[in-house]
Each structure stands twice: as structure tokens, then as C-alpha cells.
Amino acid sequence: MIYAAFRSIGAYIPPKIMSNADFEKIIDTSDEWITKRTGIKERRIANEGEASSDLGARAGELAIERAAISKEEIDLVICATVTPDFLCMPSTACLIAAKLGLSNVMAFDVSAACTGFVYALNVAKAFIESGMKKNVLIVGAEKYSAILDYTDRTTCFLFGDGAGAAIISATNDKSESIIDINCSSDGNYEDLIKTPGGGSKNPCSQEVLENKMACIKMKGNETFKLAVKTLTSDVKTMLEKHNLTNEDINHFIPHQANYRIIKAVGEALDLSDEKTVVTVDKYGNTSAASIPMAMNYAFEQGKIKAGDTILFDAFGGGLTWGSALFKFAPIKR
């Protein structure tokens, strides 16, 4: 029997910091208001000319290095993003593969907004367990600064740029494998989080540009309530399915959208603050990159170790949501 194992984690954090004080200069807001509402203190911004593939390639490079495998051993690249380098083609995954020097490798994108990394992990798991692939590089990469309206005080301060990546590999040892992944969606809530212009429904036009329809729009209050309810239910279902309790989880890594959401879900699940990884204060909401960036942060802080049981939980536009339960299983060399 072939299983999928989570072998390594890596991230790229752009060096440029945009603080709440910077937003005080461009919109009617304050550091106190942003911090109280979201828990965000600062976020990272990619350099001009940098694209999601540049961020993703840097994160991927680190993940490959930590997995202690050669680039030639990678046979699939999946990139989760909603800020691709190009609107239609080529895929960001293809560009990441090229920048990593990978040739003749299968590569494609996954679009599931903030749940994208969990979706990509699920696809990687399926490819490996089917025997079709042995080593998969999954990347969550976002340059949200490219799709923000910096006059919109309801959204512009929420998001940041960055990338995270992981190597998922085949193993015969069930004890070190990915235990389970759940991915769901409900398109009836499409209006809660969306970029209304630029696609085939509302193609690029003078109207789209003038009304900034190619920028992200979000109904914050409705999204908040639904996120807390959905994330809590999803985790409870996952734990009950495997006869686990919160005591069996070493690290809870939720999507980093808003500290109040993270806190509310943690309290509903009775998960201690010590087990919950929080980076939203440092990076803001980096969508598909937020979970791997948060895991990488905890790993570099020495908190995540081989054999730890980790639980991902994410919620995003679509709507999409999902959870993943797995053992962290770096290759022993």
C-alpha cells in the first residue's frame, strides 16, 4: 500500500514591510482600529516586478532543500494561487517549475482561494496514493498587493504577499502518512469574496478598470460569521471521524485571515493558545500561502518536530473550505 507523507516545509517572506501606520497615511483608519478588528499589525509586500511565481520558486527551493531530495526526483508541481502571473496562461506552476530548473515535469494550478493549499495537498495525496507520482512539490503563492484597491478601507489592509511550499512523497509506512483531508465548496455564496471583473463574465474594459472591478471585494461581517461556523464544524467532523480529541493534536494551523476568527474557532474547539499557530499579526492574510507560511514559521521557531500530529483548517472565496490531518514526517537520513 502506498501512502503520502508530508516531508518538508518552506516559505518565502518578502522583506518589505507595510505597517498599520503606513495605512493611516492613505486611508481613514488607525493602527488601533485595524489591530482590534483583525489582529494584523503588519504585512509583507513583494517588490515591483516580482510575481507570484518568483515568490513560489523561492519557497519551493527551500522546501526541496529541506526534504533532502534532488530536483530530478520531483515529478509534479502544483501551485495554489488566485493571483497568477498571467490571467489565463501559462499556469504559475509551469513558471515555478521552470525557475527551479525542472524540465518535463507535470505542472498545473489550483484555484480555491484561501483554501487552495489544502486543495493542492489533497490532489498531491491522490496522485501519490494512486502510484502515478512519487514526489510532489505543492506551493501556495500570492501577490495580493497586485489586486488590492488601496482606497478601499474595508479590504486593503487585510492582505499581504508571500509564499509557502511543501514536498509530499510516497511512503510504505502508514504511521508517518497524511491521515485524511476534506475539501468542500458552496458556490451559492460567491458574492461574499470575489474579484468581479477581468474574467469571462466581466472582461477587461474601461468600466472594469474605472470601477476597480479587478480588485478583490469582500462582505466582511457575513464572511466572518460563516467562517467561524464552518471552520469549527469541519474540524469537529474530522476529529470525530478518526476518534480523536483536541489532546491528540500537537499543532493547529488555521488559515490566517483574522485573529478574531482564529480565536473564536480555537475557543469553540477548546484548543489551547499554545497549540494554535498564529502569524496573521506578522503577515496579514496571504490566502493560499497563509497555512504553509504559518507552518514554516512554527517549524523555524523549533515548535514543529518529526512525528507531530498537525491539523490544517481553511476557508475562502468560492466558498471553499477544507481541513487536513497528518503526521509531519521528514525523511530520516
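Glycine too: its Cβ is placed from the backbone N, Cα and C atoms.
On a predicted model such as this, the values are computed, not experimentally measured, just so you know.
Residue environment of Cys114 (active site) contains 31 other Cβ atoms, counted within 10 Å of its Cβ in all protein chains. Annotated active site per Swiss-Prot: Cys114 (among others), in sequence order.
Sequence annotations record features per position, and here Swiss-Prot assigns active site to His255 (among others). According to DSSP, His255 (active site) is assigned to coil rather than to any helix or strand. His255 (active site) counts 31 other C-beta atoms within 10 Å of its own C-beta, drawing on all protein chains shown.
What Swiss-Prot records for 256-260 is region 'ACP-binding'. Here the region 'ACP-binding' (256-260) has Cβ contacts under 8 Å with residues 37-40, 114, 158, 224, 227, 278-281, 283-286, 290-291, 293-294, 315 of the same chain, all six or more residues outside its ends.
Within 10 Å of the C-beta of Asn285 (active site) we count 23 further C-beta atoms, all protein chains included. Swiss-Prot lists Asn285 (among others) with the feature active site, giving sequence analysis as the kind of evidence.
In the three-state DSSP classification, Asn285 (active site) falls within a strand.
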